[in-house]
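Take a look at the structure below.
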Amino acid sequence: MSERKLNINWFPGHMTKAKREMEEKLKLVDMVIELRDARIPSASANPLLADLTKQKPRLIIMSKADKAEPIYSAKWVEKLSKEGVRVVVMDLNHDNVIKIVSEAARELMKAKLERQIRRGIRPRPIRSMVAGVPNVGKSTLINRMAKKKAVQAADRPGVTKALQWVKVSKELELLDTPGVLWPKFDDEQIGLRLAVSGAIRDEILPLEEVAVFAMKFLIQHKPEVIEERYQVTLSDDPYVMLERIADARGYRLKGDVWDEKRTIETFIRDIRDDQLGRITWELPDEM
Ligand SMILES: Nc1nc2c(ncn2[C@@H]2O[C@H](COP(=O)(O)OP(=O)(O)OP(=O)(O)O)[C@@H](O)[C@H]2O)c(=O)[nH]1
Ligand SMILES: [Mg+2]
């Protein structure tokens with residue numbers, strides 16, 4: 001296999017536009033709901049958003065809890081919780097999203113709402129921007145809150161293309177936003193983690209790099225899941241492991257060379273479909 005440098009420089013036009021529009025709309029919002037992927041709570045934190053939303057009360061929702069390891073998720077919640085920032089971790093498709101988010105929003109806005117009531121102002125609905133990296137579940141959250149398909153959601157990055165307000169209740173209005181990345185990853189590992197999670201379009205990814213990164217991590221942290229899933233003996237070398245998977249599966253090309261492309265695609269699909277179980281790719285103690 002060739003050694004390629006990961007060079008994802010993905011900041012397409014619609015993201016530049018989205019960022020500008022989010023900046024403009026920020027004046028109109030009371031608070032920000034920032035979604036992060038519970039499997040990569042640090043890599044899925046967008047530095048652009050942090051800058052943009054510094055002045056607003058913030059709720060961090062770690063989504064896809066069902067794909068992450070609960071012990072690590074609990075530690076991450078503890079780690080990320082700071083004054084003025086509430087952190088919750090959820091399976092957005094199954095948990096009681098309405099109750100958890102409404103309560104958290106009410107609590108974050110409590111002081112302001114009480115001030116309004118004291119002054120005899122009838123509180124208007126809380127307006128919150130929902131922001132985060134692509135494919136993290138922003139639109140899914142809004143649809144759950146609205147109890148209907150108010151906005152488009154699907155399992156690929158870049159589904160939401162424009163900002164859209166949704167009134168989810170008498171008390172709460174949510175602004176759906178397109179997932180945004182940032183022009184350059186300082187740390188190659190951040191890009192690779194985002195890639196594994198599905199935040200970056202596979203078409204522009206060096207999938208081989210992504211697979212090698214994931215295999216290295218699993219050899220180090222969860223070798224048993226590889227053994228079990230593919231019925232292979234372990235090696236320290238990620239390339240050797242991939243070749244063993246190809247062997248075990250009979251993924252061969254003409255001339256008896258192993259089929260790298262098919263093996264890598266299978267491996268990455270298995271990770272994304274939870275065939276290797278719950279995996280947290282960033283361990284709170286190591287960050
Ligand atoms: N397993 C699991 N899947 C989730 C969860 N939240 C969202 N998803 C899935 O993730 C995929 C992406 O969801 P979207 O709501 O479209 O994500 P988004 O953040 O709006 O994505 P963009 O608009 O592309 O930035 C969908 O297939 C959702 O069903 C979750 O908590 N657990
Ligand atoms: Mg969306």
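Start at 1 and count along the chain as shown; that gives each residue its number.
Cβ from N, Cα, C; glycine included.
Under DSSP, G137 (GTP binding site) is assigned to coil, being neither helix nor strand in the three-state scheme. Within 10 Å of the C-beta of G137 (GTP binding site) there are 26 other C-beta atoms, taking all protein chains into account. The feature GTP binding site is assigned by TrEMBL to N135, V136, G137, K138, S139, T140, G179.
According to TrEMBL, the domain 'CP-type G' annotation covers 19-183.
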Binding-site residues close to ligand 2 - of N135, V136, K138, T140, only those whose C-beta is under 6 Å away: K138
Local Cβ density at G179 (GTP binding site) - other Cβ atoms counted within 10 Å: 24
GTP site shell beyond N135, V136, G137, K138, S139, T140, G179, criterion: Cβ within 8 Å of Cβ centroid: L35, S63, G132, P134, L141, A153, V159, T160
Chain-internal residues near V136 (GTP binding site), provided their CB is under 8 angstroms and they sit 6+ positions away: L35, R36, D37, S44, S63, K64, G179, A199
